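Okay, so here's the structure we're looking at.
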Amino acid sequence: MKAGPLQLGVVPPANRAIAILDFFLRPIAIVGTLASAIAMATTNQTLPFFSQFIRFRAKFNDLPSFTFFVVASSIVSAYLILSLGFSILHIAKSNLVNSRVLLLLLDTAAMGLLMAGSAAATAIVQLAHKGNNKVNWFAICQQYNSFCKRVSGSLIGSYAGVVVLILLILLSGVALSRR
């Protein structure tokens, strides 16, 4: 009976290509999540009211959903930076199963956390843009235009990170199924 490539210790080229793609997708997710956390955390706008001495200020930490978004995005960014080591390890040794399963589970948890933070922030951004007439919550984006634009922009990077994490989860699944 002839030995297969895994029995000989040879890494199949398809698994190596998946590991390389995994390594290149992680920095993209890092940039998206880290940029969105920084953009949200540095968002504020001050408006004068009647005179220069009375001002209203809008900051991201005025709303707990935005604070949760920043914390969730920061945690996911830190995880993605730390997971680059496993990604490099999989390029060198593509037949490691336990670390691939661990990455699959942690990527799924990170995607869930990032999606929860993004969804919470999206709900508040929707209220800021549209308001809610039934409970007399008025839209504030006409007054705090730059605040709303910056907050909305930070959501784009976060959702891009969610999409990349979904791709990473799929890649891990494909790599595990080829075993």
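Just so it is clear, glycine is given a Cβ too, placed from its N, Cα and C backbone atoms.
Topology check against Swiss-Prot: VAL97 and LEU176 carry an identical topological domain name and occupy the same side of the membrane. Counting residue by residue with DSSP, the topological domain 'Extracellular' (122-154) contains 22 helix, 2 strand, 9 coil.
Pairs of Cβ atoms less than 8 Å apart link the transmembrane segment (155-175) most often to 18-38, out of 18-38, 68-88, 101-121. When averaged over the topological domain 'Extracellular' (122-154), pLDDT in the model lands at 82.
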